[in-house]
Ligand SMILES: Nc1ncnc2c1ncn2[C@@H]1O[C@H](COP(=O)(O)OP(=O)(O)OP(=O)(O)O)[C@@H](O)[C@H]1O
Ligand SMILES: Cc1cn([C@H]2C[C@H](O)[C@@H](COP(=O)(O)O)O2)c(=O)[nH]c1=O
């Protein structure tokens, strides 16, 4: 497979989408063929599953169903969209991937980490990201950004079922991301996201260009 698979992770509202878009624009300007996608979502079926998972009315959803719905969305996304793009040599930038299942469902909900990883591995046929940027920010900052976005102008939206969870849950998720970074130092870069958009983008740009140079020279 010739393409490069880059994922963005971190707590809700950390600024992943903002940074992913900036990186995509920069890479496109250099002439790279970039696919921007997200989880849950990315295909028609995966987007329908996303609506079921995130609907704030679905408060009765059991943990097992949540894990399997994220995995089902991922299975469709990986096989229909991501793998063909990587086989065509494209750079795939994905807003969340398997680390989100480990952080939110394993560390957040308390489900066994290995079980969540095994289900995700099956769903993705073992696909792993080449590089993962974890945007790290104190939970009170990311939740404040979310509330600000929810209440502002054209971006206005209701908080989804996961975003509405208690601050203690979001703190466990953040700690989970820290553990993932410690477990995978070769793949994961933790980026201090409690800075300006420009400072964060500059760090990601530097690291990503180095990654591309390494990839080309292999
Ligand atoms: N560095 C930053 N400083 C201050 N505000 C920011 C920064 N980056 C993004 N924001 C703002 O915070 C809000 C959340 O940003 P964004 O949508 O990029 O986060 P996200 O991590 O993708 O959120 P979600 O988890 O909901 O997908 C937006 O209103 C965005 O404009
Ligand atoms: C892939 C994935 C996502 N989540 C959570 C994380 C977020 O709260 C939502 C997705 O919303 P976003 O605005 O697109 O970030 O879903 C999860 O719990 N598990 C996963 O595997």
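Keep in mind that glycine also has a Cβ here, set from the backbone N, Cα and C atoms.
Feature list (source: TrEMBL):
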type	residues	note
DOMAIN	8-204	domain 'Thymidylate kinase-like'
BINDING	10, 11, 12, 13, 14, 15, 16, 17	ATP binding site
Out of 10, 11, 12, 16, which binding-site residues have CB atoms lying under 6 Å from ligand 2? 12
Around the C-beta of residue 13 (ATP binding site), how many further C-beta atoms are within 10 angstroms, looking at every protein chain? 24
For the binding-site residues 10, 11, 15, which one has the sparsest Cβ surroundings, going by other Cβ atoms within 10 Å? 15
May I have the list of same-chain residues other than 10, 11, 12, 13, 14, 15, 16, 17 whose Cβ is within 8 Å of the Cβ centroid of the recorded ATP site, in sequence order? 135, 137, 142, 145, 193
Fewest C-beta neighbours within 10 angstroms among the binding-site residues 12, 17 belongs to 17
Where's the emptiest Cβ shell within 10 Å among the binding-site residues 14, 16? 16
